[in-house]
Amino acid sequence: MNNGIDPENETNKKGAIGKNPEEKITVEQTNTKNNLQEHGKMENMDQHHTHGHMERHQQMDHGHMSGMDHSHMDHEDMSGMNHSHMGHENMSGMDHSMHMGNFKQKFWLSLILAIPIILFSPMMGMSFPFQVTFPGSNWVVLVLATILFIYGGQPFLSGAKMELKQKSPAMMTLIAMGITVAYVYSVYSFIANLINPHTHVMDFFWELATLIVIMLLGHWIEMNAVSNASDALQKLAELLPESVKRLKKDGTEETVSLKEVHEGDRLIVRAGDKMPTDGTIDKGHTIVDESAVTGESKGVKKQVGDSVIGGSINGDGTIEITVTGTGENGYLAKVMEMVRKAQGEKSKLEFLSDKVAKWLFYVALVVGIIAFIAWLFLANLPDALERMVTVFIIACPHALGLAIPLVVARSTSIAAKNGLLLKNRNAMEQANDLDVIMLDKTGTLTQGKFTVTGIEILDEAYQEEEILKYIGALEAHANHPLAIGIMNYLKEKKITPYQAQEQKNLAGVGLEATVEDKDVKIINEKEAKRLGLKIDPERLKNYEAQGNTVSFLVVSDKLVAVIALGDVIKPEAKEFIQAIKEKNIIPVMLTGDNPKAAQAVAEYLGINEYYGGLLPDDKEAIVQRYLDQGKKVIMVGDGINDAPSLARATIGMAIGAGTDIAIDSADVVLTNSDPKDILHFLELAKETRRKMIQNLWWGAGYNIIAIPLAAGILAPIGLILSPAVGAVLMSLSTVVVALNALTLK
């Protein structure tokens with residue numbers, strides 16, 4: 001495939017680009033390529049700005065987006081309790097979608113049932129000072145234990161049924177086997193003692209009651225932790241108000257439910273109110289707090305024509321907006337859908353934990369049976385049953401099964417709240433072993449917006465303010481990025497341009513008009529030379545070397561000023577590059593700008609490898625070359641013109657997406673334009689991996705130690721675990737994993 005890059009034959013190519021200590025790359029730059037630059041074609045650009053590399057500084061076009069519904073998110077979707085959504089196959093039997101309030105109620109009612117059972121029955125035949133007996137107390141224990149087994153054991157019995165139905169027996173099956181063996185044997189002992197009062201067959205009612213109560217408590221705590229793991233997303237779902245103020249056609253207000261709002265409706269949002277939907281400001285100006293939805297900590301200034309995001313908080317101004325995205329297709333819904341999909345995917349570590357958890361059931365089953373047979377010969381039937389039940393209860397595939405999904409739920413939620421959106425969850429795992437970060441210059445390292453970088457007055461009869469008034473008169477009605485940059489500069493300087501009359505385009509070279517009764521032109525270098533105007537080539541070269549686009553102001557056929565416009569480097573870019581280097585990741589800059597402009601930016605930022613004059617296909621080829629060298633590459637770009645290279649890289653990251661987060665080619669989407677968010681993603685990926693490894697070690701290590709102990713391997717030295725203690729340890733193992741996930745920040 002010809003990508004326009006030929007590292008073998010540089011001498012026959014035009015526009016040698018880049019600076020690479022190891023090797024150089026060249027690009028075939030035809031006339032067509034010179035018209036297709038880093039940010040695509042600019043259809044309506046006035047012709048006087050076609051000089052030099054002007055097309056290379058194109059304005060990014062982040063289209064508009066629509067997004068999603070947060071008003072109808074129920075508990076199971078948000079909390080991650082349904083493990084099938086978390087890619088947790090082994091826990092499929094556990095009905096985590098049960099409302100936590102119902103589970104809490106089941107625990108408390110089971111505890112009430114368990115208290116008299118504990119008071120009226122001995123533990124393993126041992127009597128305690130608090131034990132109470134009376135005629136018929138054994139019947140009370142039987143009835144209460146039966147109710148407790150059916151009611152309190154229901155989640156575990158139902159879970160086991162589902163696991164077996166799916167041919168994936170795991171923790172719920174083990175627990176169900178344990179409590180069923182304890183209950184059935186206890187009923188047998190009750191009948192045997194009833195038939196022959198002179199013999200005493202020990203029951204397990206005490207153990208059964210404590211087992212069920214402790215496991216219900218453990219799973220309630222765990223469910224709460226799982227819910228908290230996605231707490232950030234739960235808060236996102238609660239950001240939208242229930243009612244809004246809608247403007248009627250006659251201008252009066254009406255209060256309506258958010259569900260009644262449609263695209264095109266006009267709403268009024270007062271100071272301090274939450275933005276009910278995505279929209280565009282029609283009237284007013286304000287400062288909006290978007291921290292809860294995009295992670296942008298600073299207030300964002302908004303005025304007429306700007307977009308607002310549903311769920312953000314209006315600041316000190318009252319505004320009127322036109323709805324562009326309702327709860328069903330707004331930004332928040334799109335974020336939630338993206339996060340749900342990411343949480344549903346599986347990483348390599350999760351596949352590993354699922355396999356181990358699946359085999360753990362069979363290990364526990366075999367060890368439990370072996371323990372039963374061994375203790376039947378070494379002791380008696382009650383002791384043998386106790387060992388087997390304890391093994392079944394203490395084995396916890398759940399801890400292993402939850403090890404990864406809980407961390408994933410937490411990390412994806414944290415990422416989403418901070419404007420780091422994962423479209424491919426494996427990107428989080430791959431981000432820990434990166435070798436190279438490739439950065440598209442415009443929009444990533446620079447602001448992506450033109451501004452006036454220099455004005456050189458060539459005629460002492462004119463002052464800078466007057467020069468700007470002339471330029472503003474010509475550019476006031478133009479709509480290309482350079483004109484926008486000039487007019488924004490005038491606005492910042494609070495300069496009102498002159499009025500232009502008889503304005504006309506000079507085909508391919510610039511603009512001309514009558515301003516203040518003088519003939520005024522703004523033209524490019526080609527036209528200036530044609531008119532015989534004297535231009536200092538060294539001065540022009542200096543401007544261009546800094547990545548500037550240069551135009552010339554001519555008043556009454558006399559060259560009076562040179563104006564340079566450039567894309568300003570972001571203040572935080574230099575610190576970002578230094579931080580990347582400290583992580584032993586090589587920064588590489590890619591740009592459609594000319595090599596001299598690329599060199600100026602790269603040298604200022606401390607980037608040793610850079611390539612200029614590139615088209616999208618060229619960038620993809622460069623990414624592929626690094627991949628062919630065995631490097632793991634993250635490509636950061638705008639997600640639109642960089643789509644091929646984003647898709648080709650190990651990780652594709654779109655930066656500065658704003659609300660337009662539906663970027664198919666990216667694995668990660670950053671809503672803000674701050675390159676430091678890339679560092680935040682890398683740090684979160686590192687911490688996420690650390691938590692995953694910790695949880696895997698805990699889940700595996702716990703079972704390696706706990707199962708032999710439950711089988712009675714240390715009985716010779718007097719260390720024997722009862723089923724109740726086994727239940728406590730099993731519950732604690734899942735709680736530890738859950739709480740460890742919650743410490744991820």
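Glycine is treated like the rest: Cβ placed from N, Cα and C.
Among the features that Swiss-Prot reports, topological domain 'Cytoplasmic' is placed at 1-108 (among others).
What Swiss-Prot lists as region 'Disordered' is 1-76.
Taken from Swiss-Prot, the feature repeat '2' covers 73-84. Across the repeat '2' (73-84), the prediction's mean pLDDT works out to 35.
Marked as transmembrane segment by Swiss-Prot: 109-128 (among others).
Under the heading topological domain 'Extracellular', Swiss-Prot lists 129-139 (among others), citing sequence analysis as support.
Under 8 Å from some Cβ of the transmembrane segment (140-160) lie the Cβ atoms of residues 93-95, 98, 103, 106, 109-110, 113-114, 116-117, 120-121, 169, 172-173, 175-177, 179-180, 183, 186-187, 190, 205, 208-209, 212-213, 215-216, 219, all in the same chain and six or more residues away from its ends. The transmembrane segment annotation in Swiss-Prot covers 140-160 (among others) and is backed by sequence analysis.
Residues annotated as topological domain 'Cytoplasmic' in Swiss-Prot, with sequence analysis given as evidence: 161-170 (among others).
The feature transmembrane segment is assigned by Swiss-Prot to 171-191 (among others), with sequence analysis given as support.
Per Swiss-Prot, topological domain 'Extracellular' is recorded for 192-200 (among others), and the stated evidence type is sequence analysis.
According to Swiss-Prot, the feature transmembrane segment maps to 201-217 (among others), an assignment based on sequence analysis. Same-chain residues lying 6 or more positions outside the transmembrane segment (201-217) and placing a CB less than 8 Å from one of its CB atoms are 103, 106-107, 110-111, 113-114, 117-118, 121-125, 141-142, 145, 148-149, 152-153, 155-156, 175, 178-179, 182-183, 185-186, 188-190, 192-193, 382, 385-386, 389, 393, 722-724, 727-728, 730-731.
The topological domain 'Cytoplasmic' annotation in Swiss-Prot covers 218-359 (among others) and is backed by sequence analysis.
For 360-379 (among others), the entry in Swiss-Prot reads transmembrane segment, with the evidence type sequence analysis. Beyond the transmembrane segment (360-379), the same-chain residues lying 6 or more positions past its ends with a Cβ under 8 Å from any Cβ of the stretch are 169-171, 173-174, 385-389, 391-392, 395-397, 400, 703, 707-708, 710-712.
Counting same-chain residues at least six beyond the ends of the topological domain 'Extracellular' (380-388), those with a Cβ under 8 angstroms from any Cβ of the stretch are 124-125, 181-182, 185, 201-202, 204, 207, 368-369, 371-374, 710-712, 722-723. Residues or ranges marked as topological domain 'Extracellular' by Swiss-Prot: 380-388 (among others).
Here Swiss-Prot flags 389-409 (among others) as transmembrane segment, drawing on sequence analysis.
Swiss-Prot lists 410-703 (among others) with the feature topological domain 'Cytoplasmic'.
Counting Cβ atoms from all protein chains shown, Asp638 (Mg(2+) binding site) has 26 others lying within 10 Å of its own Cβ. For Asp638, Asp642, the entry in Swiss-Prot reads Mg(2+) binding site, with the evidence type similarity to another entry.
In the structure as shown, the Cβ atom of Asp642 (Mg(2+) binding site) sits within 10 Å of 32 other Cβ atoms. Classification of Asp642 (Mg(2+) binding site) by DSSP places it in coil, neither helical nor stranded.
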